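Some notes on the structure that comes next.
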């Protein structure tokens, strides 16, 4: 079907490009449709057939077959290389040979783990127009979960924009609800949500009237121009000015919330002698944490809170008012209903492990079951927003398409993470396109991608630990469970579970939130509710691991569920990423440490049952062991120290053949990488940044994670990973100020040492070539060694810019400094090292002659 014949989708009078039926896979130079006959047959049946809700594409054979051949060829080359090395064992430096051999074997093993799951990349494209044809009036309910903790580390402006973008999403307003979990229990977050509920009465109808994209006001107003898709272009300018003015006032109120609450509390405390409480606007104590900590009102010790800020709307549209003095924006033809909005802060008590984000998600899962009980759940981090207003419709294409296409067996749909405000060169590989568009896309050909923590739609019953329908109906499985021991003692919550198993149902809110419901909600948010249950193990998000997202997805895959990796244009969701070097390193430290925790736990992929696809098992094994190989990379990067303490060294003899093997296997992996760049649709810059940041992590962060894990195994104590802090551009006035800020931490030291060693090794190599001549054996060996050193320094180039701080804006300074350092080391070697090495060589030769004479004895 050509683009000219695309079917138009109108929702609230809006044209959405995401809703066109794209069927041009055959025209793509990389991807080809695999279900073309199915699609064409359904659409050519005079309306009797129903087209599928998504289309599937595979990589063309002209790319896939050479790609697979190269993988096989490199595997053969690696085996031949190992066999050759064993036959030519270096006995002069046995310890070095043994160490490098073990490292190379692990390199080969980890490469196989990484490469095998990539053999059949599949792309699945949702057809939102087909969804509208088949489910125009019966889309199922969705509960949207948003998590946040600290309004400082996670700026509150991000959170309010996330909530506003969700409230304005293009989905039936009476069929989804939004829940915010504030794990800090702060009044600032609660009153920010009160402000959001008020501003949404203006923002959401404005979005519907003019079909604006994106629907996060901060990002929308930051855009310079965009195509107009609404139906009243003549009113856009005046409405835009009015709404923007209101938004700026809204931001002022949000920014001043902390001081406003403090001033109010000071006034109330002055009236109540001896009190130092934090007061709400209605003159009552805030039940959460106070500015001045007190008993039952501090971090880690406060009551649970559930507040419905926006009630569930009616099923019938409610049109707004015409323009007037009180209502300057004309919403007379616009549905002004708002989705349900709920604020949650779970109870915290000393002596309980609250399990961070996973614990908060499980509380929201229980509370939402009582208040809305939608059969599908989407979760967001507090700094991710809805970038494509139809983002909630896209995953439904995969969840609702049965027809033998696996929809009913799909546990979750994962969208790639896309980021704003990353520096143009993506210095620290924040976009991570190689992982999202390469690795995750390739898993679509197996059981599906892993769960990545945000931008994910779940089937509620899959979170409850129910197995996929191929092993029995969900309702039957739930009835057969030991419900009290598995899910807890709340009969109200248990009563919602069978309804949650019906994927076709909409939201059915409680008629009245009376005292009995309030009591149930308090019980569900209590610390003790999960005692003696399966929450955090077989039910909900998994506990006691830093990467609870990956392990939660793994639990579903091992039960036989499938997942889907879906990408739409424009991107469904966008968020923020840490552009500061230290924060980025701490982020990947948490990820790598959590991966190792997964390997050394009952969630090890080797322990999964037969329902886990063999190559999916390999993929999870790779995800949980990748930091281990970096220990060998770290020591390889320190090998240049040998240039500083000896005249020459050999890892393997004969060196010439060793070098040929090495060049061959390295060249092949880069050619394979180019094929992946092609089918993943990424740029060479993306690939290069991925290579560079992998080396940066391998020289400090990943070995540190291995050390942490070793200490945990020895001592039995858990690992604490700090929350990645994010800063708004407005806080400093410079969009990329964090990029040039140096935060010195011990985590930087190993990589700095590696850089110093390799710069010194380059200097020694230059000195050797100058002292002995580039054509002599010491000279040309020095030049070859220098190639390795320079390659390491090129990979560590982004790190070097990061530790330079403001000087990183002038890369020329780095090159000049390195050139001067190399020249200084080379000069010192020529002046002191070369004569010393010559003297040692002379002494060694003399000793050799004496030894030979003593062995042969006197002649005659």
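Glycine residues also receive a Cβ, built from the backbone N, Cα and C atoms like all the rest.
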* Of 602-622, 812-832, which range does Swiss-Prot call transmembrane segment? -> 812-832
* To do: Name the residue range among 562-582, 625-645 that Swiss-Prot annotates as transmembrane segment.
  => 625-645
* Please work out whether the transmembrane segment (63-83) lies in contact with the transmembrane segment (655-675), by counting C-beta pairs under 8 angstroms that are 6 or more apart in sequence and asking whether there are at least 3. => yes
* To do: Using DSSP reduced to three states, classify residue 383 (substrate binding site) as helix, strand or coil.
  => coil
* To do: Among 625-645, 655-675, 747-767, 781-801, 812-832, point out the range having the most Cβ pairs under 8 angstroms from the transmembrane segment (693-713).
  => 625-645
* Overall pLDDT of the coiled coil (235-263), taken as the mean -> 96
* Asked: Closest to residue 549 (active site): which of the recorded positions 183, 381, 383, going by Cα position?
  -> 381
* Just jot down the residues in the same chain as residue 183 (active site), at least 6 apart in sequence, with C-beta under 8 A of its C-beta; none if empty. => 147, 148, 149, 345, 346, 354, 356, 357, 360
* Six or more residues out from either end of the transmembrane segment (812-832), which same-chain residues have a Cβ under 8 Å from its Cβ atoms? => 759-760, 762-764, 766-768, 770-771, 793, 797, 800-801, 804
* To do: Please determine which of the binding-site residues listed here (381, 383) has the lowest count of neighbouring CB atoms within 10 Å.
  => 381
